[in-house]
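Here the structure comes first, spelled out in structure tokens, and everything after it is commentary.
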Amino acid sequence: MKALLLGAPGAGKGTQAQFITAAFGIPQISTGDMLRAAIKAGTPLGLEAKKIIDEGGLVRDDIIIGMVKERIAQDDCKNGFLFDGFPRTLAQAEAMVEAGVDLDAVVEIDVPDSVIVDRMSGRRVHLASGRTYHVTYNPPKVEGKDDVTGEDLIQRDDDKEETVKKRLAVYHEQTEVLVDFYSKLEGEHAPKYIKVDGTQPVEAVKAEVLGALGK
């Protein structure tokens, strides 16, 4: 099973990724992990990427695609892989097809923006322990205070409504192009496109995703 998982920040993609990788015995591949591994291993592509990152630049697509090809040639990918957050752009998706990296399925966890804003902007965190609360779904016993220590809870910058809305706008801009690209592919290159309602309970989303993937 060679699949790509799409979902906005806060859509519950990470949870579903764990279910998919466990069900099919395949690794989850993210560009961040791949870059770190290549840099640590000191591969030629890793060294080139490190130089660009150290200079504050963005790693070029040709380096990323090269790393992807190296990564999916490894033994643990013989039954397939799950791409998470890659490809991000139309150029990357096109380069993947040109490089002969085909996908069996593209899975999108679909959650309305209003639900995601509510999920993320309601998060509160106790920094010292990492304990996380939600003002609606998992509130602390005392508003704004950690249950264990009584210390203040904070709202991370990433979870502020304006930030969440900006991230969603970027996600839609990128993803709509990808969805359009994959849905128009024909013949052997065409993956199955699966859109799942991510507002359902976690187990229901899991059942629908795995069912659509043939498990």
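For all residues, glycine too, the Cβ spot is worked out from N, Cα and C.
According to Swiss-Prot, the features are:
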BINDING   Gly10, Ala11, Gly12, Lys13, Gly14, Thr15, Arg123, Thr132, Tyr133, Gln200  ATP binding site
REGION    30-59  region 'NMP'
BINDING   Thr31, Arg36, Gly57, Leu58, Val59, Gly85, Phe86, Pro87, Arg88, Gln92, Arg156, Arg167  AMP binding site
REGION    122-159  region 'LID'
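Features per Swiss-Prot, on structure.
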residue: Gly10; record: ATP binding site; contacts (Cβ under 8 Å, 6+ apart): Val111, Ile116, Arg119, Met120, Val164
residue: Gly14; record: ATP binding site; contacts (Cβ under 8 Å, 6+ apart): none
residue: Thr31; record: AMP binding site; contacts (Cβ under 8 Å, 6+ apart): Ile64, Met67, Val68, Gly85, Phe86, Arg88
residue: Gly57; record: AMP binding site; contacts (Cβ under 8 Å, 6+ apart): none
residue: Val59; record: AMP binding site; contacts (Cβ under 8 Å, 6+ apart): Leu35, Ala49, Ile52, Ile53
residue: Arg123; record: ATP binding site; contacts (Cβ under 8 Å, 6+ apart): Thr132, Tyr133, His134, Gln155, Arg156, Asp159
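The residues of the region 'NMP' (30-59), classed with DSSP into helix (H, G, I), strand (E, B) and coil, number 22 helix, 1 strand, 7 coil. Cβ neighbour counts within 10 Å, taken over all protein chains shown, single out Arg88 as the most crowded of the binding-site residues Arg88, Arg156. When pLDDT is averaged over the region 'LID' (122-159), the result is 96. For Gly12 (ATP binding site), other Cβ atoms within 10 Å of its Cβ number 19.
Note on the region 'LID' (122-159): DSSP counts are 3 helix, 12 strand, 23 coil. For the ATP site, whose annotated binding residues are Gly10, Ala11, Gly12, Lys13, Gly14, Thr15, Arg123, Thr132, Tyr133, Gln200, the maximal Cα to Cα separation is 22 Å. In this structure, Gly12 (ATP binding site) belongs to neither helix nor strand by DSSP; it is coil. Over all protein chains present, the Cβ of Tyr133 (ATP binding site) has 21 other Cβ atoms lying within 10 Å.
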